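Structure first, then comments.
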């Protein structure tokens, strides 16, 4: 079986909504290649192990790569996706580009691994692919062994890095953590490495739960993290000290009240996946519900907010 790689170059303002359209139409993962990441490469303060390659990024804007099963990707679906994208108010119609290529099953399964190498994601955390060998550079370094699978991120996105930095700052061993939209499980593993004993990882996608469980096994914490399917926090009855959600902004907006109600007094809501054009609305909503915003990080057009539950 082959796969169709649909490549779209668009402006930054349309990235979140375009990604949502692709995922809603059945894309098996979306790769985001942001030209800002090449122009504004992070300082080498965390000892990044490899440099970004110019040929992997568009000259300007953002390249989205979506992957569709050849059995379901037909002319009707192709046109439907294109029509919905071109109808986005945020889209710059003059600079959008579409292209496609066919990827054989064997290439699809392995080619992406060529771009995933060990890297320092934050001051403490280093992400290590499960198929590579890596030696710690310092005793305090915390290594997360990761095999994200084809449909989940490798941890190098700015939103993940900012969440890891927030975990370093606000999560303590005595805390309890719930990770909403866990994906590969990277943020739950980071919390475990900090020393947290009670961790629950949720994802609406059962494939994500399966991938997360395998990564928990690789990091020797499969019996210490509860990984279950879950629709955000709608059915959650337990209380936690930390709620983490690195998901899309419109989904975060839906769960702010539930996050507040799930937290113990003084607990923290760590959330990212928010493009800069959306963060003020998310921040205002959090404040209306009762959160005190105590941290705001920005990185290449993405934002991470930390709100604390503090009653009047």
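Each residue's number is its place along the chain shown, starting with 1.
Here the Cβ of each residue, glycine as well, is placed from N, Cα and C on the backbone.
Feature annotation from Swiss-Prot assigns S-adenosyl-L-methionine binding site to 160, 181, 203, 246; the stated evidence is sequence analysis. The DSSP secondary structure for residue 203 (S-adenosyl-L-methionine binding site) is strand. Taking a C-beta cut-off of under 8 angstroms and a sequence separation of 6 or more, residue 203 (S-adenosyl-L-methionine binding site) has the following same-chain neighbours: 181, 182, 183, 209, 212, 229, 230.
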Cβ neighbour count within 10 Å of residue 246 (S-adenosyl-L-methionine binding site): 26
Reduced DSSP assignment, residue 160 (S-adenosyl-L-methionine binding site): helix
